[in-house]
Amino acid sequence: MDATTVTVTGAAGQIGYALLFRIAAGEMLGPDRPIRLRLLEIPAGVRAAEGTALELQDGAFPLLRSVDVTDDARTGFAGAEIAMLVGARPRTAGMERGDLLAANAGIFGPQGAAIAAAAASDVRVLVVGNPANTNALIAASAAEGVPADRFSAMTRLDHERAVAQLAARLEVPVTDIEGVVIWGNHSATQFPDVASATVGGRPAFEVLAERLGGTDAAQRWLDDEFVPRVAKRGAEIIAVRGASSAASAANAALRHVRDEVLGTGGRRTSAAVVSRGEYGVPAGLVCSFPVTSDGSGYRVVPGLDLDDRGRSRLDASVAELVDEREAVQALGIL
Ligand code: NAD
Ligand code: LMR
């Protein structure tokens, strides 16, 4: 089998370090697919990325054909079939949201253009760096000639968090849980939704009501504990760990790409993809939806019920995405 070229940006960062060795071990693309890694960093990160490249060599991974480190975007994305955009400008003290969006537009715009210029014609791009949804929108807009549906942003970590919280509350294995959905933005406005989820094949809400002593108690747990816990889990990790999630984010990024490229086998997951107006979400926004993939890319699962509560939560998160898009447009970027 030909080697697949995978480009990872921010390769010297925390997520990069947790991700690269698993990609090299074949956990993302399977045990038969050789891999060429390209690590893209800013100049200040190149030396550390080179150190990671030395360690990758020392892993003697049978599937790993080569590792190249660069700070030039066109070189970094040359021939990329999979691009994982992890590197981003973090928010620092005194930075307003507009400053953060502008700083990241200055990264994701040029990277989108470099992908269009240099990547493989079938490239697939996952944006992890925050604000992930809007960074993906910027990259997709700048990647002239690359279909927008090749771009997605990561809400898979939120999805796994939701699965894990539900499983923990019900004291069941995570493998019993199916059909959880993350709607909206990868931010505290997201809506983790169990309305169409199942636990051991039974409706999740029914199982929750049985376990928690009625439908009111189940709804209270969802509104007061589950939704805020999942939506604010990123902040909880930062508060407890002293740094943003890294290994769990790398795990989610790996699963996102694996499922997109190898297929979900009919199972639903969550990913932020470019809206075509599904579920009333304005076309063009990068919004998290229930998705499946047959290996040719994520497609939004149609026809799920959203009750009034769910609808207003999705609307609130979409309003935030619209605000982010308008803020970027006001900077003359889109
Ligand atoms: P980190 O600070 O440890 O590493 C970021 C790396 O990116 C650094 O090495 C930096 O030099 C590099 N970088 C910055 N600008 C770059 C550019 N233009 N090109 C290439 N590399 C560049 O951060 P981290 O913990 O690895 O997190 C990376 C990003 O992922 C952050 O934006 C974080 O908020 C985000 N994140 C997203 C999710 C999600 O669920 N979507 C989850 C966790 C973290
Ligand atoms: C997460 O969800 O863990 C991260 O997006 C948090 C962050 O701000 O980096």
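The backbone N, Cα and C atoms fix where each Cβ goes, and this holds for glycine too.
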- Per TrEMBL, which one of Gln111, Gln165 shares the NAD(+) site with Gly10, Ala11, Ala12, Gly13, Gln14, Ile15, Gly16, Asn104, Val128, Gly129, Asn130? Gln111
- Write down the Cα-Cα distance for Asn130 (substrate binding site) and Gln111 (NAD(+) binding site), rounded and given in Å. 15
- Message: Per DSSP, what is the helix/strand/coil residue tally across the domain 'Lactate/malate dehydrogenase N-terminal' (5-144)?
- Response: 65 helix, 26 strand, 49 coil
- Item | Those binding-site residues, out of Ala12, Gln14, Gly16, Asn130, Arg161, that come within 10 angstroms of His186 (active site, proton acceptor) at the Cα | Asn130
- Once the chains shown are all counted, how many other Cβ atoms turn up within 10 Å of the Cβ of Arg97 (substrate binding site)? 12
- Task: Measuring Cα to Cα, tell me the gap between Gly129 (NAD(+) binding site) and Arg91 (substrate binding site) in whole angstrom.
- Result: 11
- Taking the Cβ of Gly16 (NAD(+) binding site) as reference, which residues of that chain separated by at least 6 in sequence fall under 8 Å from it? Val8, Gly10, Leu39, Ala49, Thr52, Val86, Gly87, Ala250
- Message: For each of Arg91, Arg161, His186, count the other CB atoms within 10 A of its CB; which of these recorded positions has the top count?
- Response: His186
